[in-house]
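Student: What Swiss-Prot records for this protein is below:
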| type | residues | note |
| --- | --- | --- |
| BINDING | His83, Cys85, Cys99, Cys102 | Zn(2+) binding site |
Amino acid sequence: MADKYNVFDQLGELENTLNTTLTQISGIRQVLESSMTENATLRMELEKLRDRLAEFEKKEVKKETPKDQPNPNLIQIFNEGFHVCHLHYAERLAEGESCLDCLELLYR
């Protein structure tokens, strides 16, 4: 008979242990759900930030590439009558002369 009471005691202890374990598992599940939700939110935010960064980089590249306009300093020197080409740099142009090398350098 003592064995039967011992079995009931052990069964009661097992039930208490299982309830404690179930409570711990429930807490872990809540933490995991919260972490997964936060992770998904952060991933979406990261994707948006990457898209914005790509837009800014495209705009930055566009700002750096306006090579349509020649260097204003070189234009001023050329208009004052001096060569700006590598071959004859700073030599005076003859009256009415235009140098193809200078023009190519200015307007490429």
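Placement of Cβ uses the backbone N, Cα and C atoms for every residue, glycine included.
Source: prediction; values computed, not measured.
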Student: In terms of DSSP three-state secondary structure, what is the assignment for Cys99 (Zn(2+) binding site)?
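Tutor: The residue in question, Cys99 (Zn(2+) binding site), is coil (DSSP, three-state).
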Student: Using the Cβ centroid of His83, Cys85, Cys99, Cys102 as the reference point for the Zn(2+) site, which residues of the same chain not in that list have Cβ within 8 Å?
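Tutor: Other same-chain residues near the Zn(2+) site: Phe78, Val84, Leu87, His88, Tyr89, Leu93, Leu100, Asp101, Leu103, Leu105.
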Student: With an 8 Å cut-off on Cβ-Cβ distance and a minimum sequence separation of at least 6, pull the same-chain contacts of His83 (Zn(2+) binding site), or say none.
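Tutor: Counting only residues 6 or more apart in sequence, the Cβ neighbours of His83 (Zn(2+) binding site) under 8 Å are Tyr89, Ala90, Glu91, Arg92, Leu93, Cys99, Asp101, Cys102.
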Student: Tell me which residues of the chain lie with their Cβ under 8 angstroms from that of Cys85 (Zn(2+) binding site), as long as they are six or more apart in sequence?
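Tutor: Cys99, Asp101, Cys102, Glu104, Leu105 - these are the non-local Cβ neighbours of Cys85 (Zn(2+) binding site), listed in sequence order.
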Student: CB neighbours of Cys102 (Zn(2+) binding site) within 10 A?
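Tutor: Cys102 (Zn(2+) binding site) is surrounded by 22 other Cβ atoms within 10 Å.
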